[in-house]
């Protein structure tokens, strides 16, 4: 066999191996898919839904936590449940950072995990539990049911060191907030819809006293100020005291488009709420969502889907944690 023939034969063999390898890798990692656990843990999504329902029945405020978890985990580099990891002697966790102030109820994720471990040990990731509990929490609050893919795996380390690079702050300009979300593939109407999550829950006084002291922000609706001052009577709130203002006094436990009507009426608590209703890039969508709850739900569902699919670990990447608060020990 001549040198050219040998080279051609070797090239064909190499190509065949490459194709087989690529096919095997593709089989190994289907990425995120609908009903990922249909064969390995068919009851997984029903168990999560039932646990969320029971926990919401006992502790209404869990639903806000489920919803916030998706944003605080998935917006920081990857949807990998890094938010749930505890601090160690060497590493501060994301959930213990100042930027995570007000996040709580993590223990209930562990309750859901324990229920799943009883049914199918070592199968369902904490990252999928975090996302699906968020989805079911949205329904508990009167929001839309959002079909979400699964198949995420868990990261092994917290991302506290990069949290400031990814998580937009409520005091930042709307331009920065738009850029941060655009980097995840979420456009302007998607961002406006996601901030509609401020329709439920509460804002701690420590995050809004700068709009009240030493002088009241003139942009605030004067009819709303007395209530804010009553709820936040101190310029420097006691961090141990639970002082807060409900985001939406009209329907505080319902995810609805009332938020948009409030911010158009200058009743937004945070600076980002105010900017959303006044910036020329976002105001048209605010007005559209204030008029149509269906439009709000449609854009909210689309944005939550994009957020939940931000750079997940799939296939053989990451791991399935035994406990959501600690990475598995590898010997």
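Note: Cβ is positioned from N, Cα and C throughout, glycine not excepted.
Per TrEMBL, the features are as follows:
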| type | residues | note |
| --- | --- | --- |
| DOMAIN | 31-328 | domain 'Plant heme peroxidase family profile' |
| DISULFID | 41-120 | disulfide bond |
| SITE | 68 | site 'Transition state stabilizer' |
| ACT_SITE | 72 | active site, proton acceptor |
| DISULFID | 74-79 | disulfide bond |
| DISULFID | 126-324 | disulfide bond |
| DISULFID | 205-232 | disulfide bond |
Can you check which residue among the disulfide-bonded residues 126, 205, 324 has the largest number of Cβ atoms within 10 Å of its own?
126
Same-chain residues at least 6 apart in sequence whose Cβ lies under 8 Å from residue 79 (disulfide bond):
73, 127, 130, 131, 152, 307, 308, 309, 310, 311, 312
What is the number of other Cβ atoms found within 10 Å of the Cβ of residue 74 (disulfide bond)?
29
Of all the disulfide-bonded residues given, 41, 232, which residue's CB has the most CB neighbours within 10 A?
232
Looking only at C-alpha atoms, tell me how far residue 41 (disulfide bond) is from residue 74 (disulfide bond), rounded to the nearest Å.
24
At the Cα level, what's the spacing in Å between residue 68 (site 'Transition state stabilizer') and residue 74 (disulfide bond), rounded?
10
Give the distance between the Cα atoms of residue 120 (disulfide bond) and residue 126 (disulfide bond), rounded to the nearest whole Å.
13
